[in-house]
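Below is one structure; the comments refer to it alone.
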Amino acid sequence: MKVSYNWLKDYLDLTTAPEALAEKITRTGIEVADVAQMSAGLKKIVVGHVLSCEPHPDSDHLHVCEVDVGEEEPFQIVCGAPNVAAGQYVIVALPNSRIADNVKIKKGKMRGVVSMGMICGLQEIGFADSVVPKEYVDGIFVFPEAIAPGTDVYEALGMTDYIIDLDLTANRADALGIHGVAHEVAAIESLTPHFEDVAVSESDVQTKNQLSAQVADEQLAPTYHLRMLQNVTVQPSPLWLQTRLWNAGIRPINNLVDVTNYMMLTYGQPLHAFDADTLTGDHKQIEVRLAKTGEKLTTLDEAEHDLTNEDIVITDGNQPIALAGVMGGFNSEITANTKNVIIEAAIFAPTAVRKTAQRHNLRSDASSRFEKGVNVADVQVALDAAAAMMAELGAGQVTAGVVSPTNLAPQPKVIQFDSARVNRVLGTDMSVQTMINLLERLGFEVANNADQLTVTIPARRWDIEIQADVIEEIARLYGYDNLPSTLPTGDMTTGALTTEQKALRRTRHTLEGAGLTQAISYALTTEEKAGQFTLAAKQTATVLDWPMTQDHAYLRMNLVTGLLDDAAYNVARKQTDLALYEQGRVFLQHADQARPNEVEYVAGLMSGNRQVKSWQEAAAPVDFYTIKGIVDTLMASYNLQAAVAYQATDAYPEMHPGRTAAIYVGETFVGIVGQIHPKIAKATHLKETYIFELDLAKILELQRQTIIAKPAPKFPEVTRDIALQVPEAITNADLVNAIKEKGGRYLVSVSLFDVYAGSHIEAGEKSMAYTLTYLNEDATLTEEEVNAAFEKVVAHLVATFQAKVR
């Protein structure tokens, strides 16, 4: 909202400088984006009177003008504007003047003819194209009235005025009119605004005999008023009105339309004027209703719009003539030939106006105000003021009476609260009288009954709803800078992470330490992806009632598909060596509740090379054992109650049937690890890709609650190596479990150090070599004790697996 400082002074006895006033406004809660004076930087620009205008002897578009600029002799100025003519009062930049963008104008020659300055358009002295009257956009500006030559143009064009640009939040729509801003400034400066009463001089013709109106549904337009003017003359507005408009960022059009915009700026109430003679029938009829499917409307910007049954329209009983609260129709536009005018002032349904403006891409000053709300008490006041001014400027007659099919009466809003609560909330020691004074400065009526305050809110402040709003108003005027600063009080407590939080943090640290990079995927996906790689029993994915897109309609039940999408994205950009993980929640349905359970999972993905090629080493591709080793490291970090075991599985159609293992902690299934199915890899353009997915919620339940530290052993370990030739179907886990079963109480670890299949080994068999480590924590082991335990292991392996000791 651009606020004219001079316009404010029409209502307030202001003495505070504009910059200081802007600072005060900002400190009370309305941000001031800028304070500007359009004349700043300009020099030696005056009003000139064109005495004569002749064609340039050496040009088909230039004119040689004699211009009275208040000097002893007229100045000869060459001008290229197509609309320059003798008798005009124009803007003249004298020699050595400064115009917009710090351009200096000098005496010069144009095609051999001396030119003593420049006749200017508004844009050349700093006006935006959007506020220049259309008839002057491509030419010079012509003053609509005579002004003494040589007079500085700044005052005449309103350029000496200071414009305070308010950056309003949606709740302060009351400041979208100069009256609302005047009330705000009056409260800040402890002043009383003085507004003139509106008086309308009416003719003997009754409006109701010329015009009728109806509103199909009161919800569409709770308030709807119409007035009528007859025998008006459409002409340019006086200069004072044009300056008020362009200083507010609005283009002047003609005296009737300019009045509606002026009243919108004054009261914050949008108005619209219809050419009454364009409406069908002798007795004019206005109807407010929802549009019908198939109806069209060409708006004032000459764009045609296909209307929907959610658009509120104004009709003449037959066809739409305006989009209510947004923009008028081209078919009822005020033109130079308009003689009779209907003025509309209304309150339209805010949500409907907002949706219509968005749907048709027609954001306007009017729609912005209707969306945020308008002052119920000022609707007819603005209408009456507009009618009176139109009659004055257009020399027309206002018919008697207002047609009002709906009229929402202002409802007094009363808020009661304990004055002590204000001090509790603000941390102040403010007296009750101070609170009352602050509220009365805002124009609120206050009654005090034993420090219980009853505040009556004026209709212009419809943003005040509850006690907290009133307390905020007190704080604003009291001054946020005056509120005392206090340190928080209370007992100091030591923060700590829960067991679960520690485990989750340890998970991230472990995986990042192993070289994986964290990824974050959308929790919403497609139905197909939601059901893949699921650790839980097959179930239906949870679907959103109102999804944003079909690709984000279901809640995920796994993390792997998100990692695959991330991998495919990277591969498409030539990044093929990938190591990613994601820790997050999946959503699993539960039979006893409508909403799904949120379960903590962690998943990882590796593809490409784990070791890039260098001058020392060849490239090493990722394989099953690479990712299984990472899972082993991760599982070891949890201090689990039972051993971790891997069992081959082909139960997952998305996984390679021969390179996938189910992961167990004791007897509890907690996840999978393995290679994704080649078909899925091909579909996503990935090389061999390995993944793991773990149910962290289950794993955290299987942690030991305490960790017992052991001292370093005092006695030496003893190791024995054994190489076994076994059938290929025998797994490492089978052999390790068998060794531990018969290893005796001194066996502390078993590690595989070699696997071989090839020459010197029968087909269908392989060689696996292990190191067995023995330790007695209380004494040194003897050879006899170790050999006896080792021989039991060998005998058991031979008997169980038909193993051959090599």
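Cβ coordinates are placed from backbone N, Cα and C, and glycine is handled just like the others.
Among the features that Swiss-Prot reports, domain 'tRNA-binding' is placed at 39-154. Annotation source Swiss-Prot lists domain 'B5' at 410-485. The Mg(2+) binding site feature in Swiss-Prot is assigned to ASP463, ASP469, GLU472, GLU473. Feature annotation from Swiss-Prot assigns domain 'FDX-ACB' to 713-806; the stated evidence is sequence analysis.
Other residues of the same chain near the Mg(2+) site, with their Cβ within 8 Å of the Cβ centroid of ASP463, ASP469, GLU472, GLU473, are ARG461, ILE464, ALA468, VAL470, ILE471, ARG476.
ASP463 (Mg(2+) binding site) has a Cβ environment of 17 other Cβ atoms inside 10 Å. It is GLU473 that, of the binding-site residues ASP469, GLU472, GLU473, has its Cβ surrounded by the most other Cβ atoms within 10 Å. DSSP labels the residues of the domain 'tRNA-binding' (39-154) in these numbers: 15 helix, 47 strand, 54 coil.
Across the domain 'B5' (410-485), DSSP assigns 33 helix, 17 strand, 26 coil.
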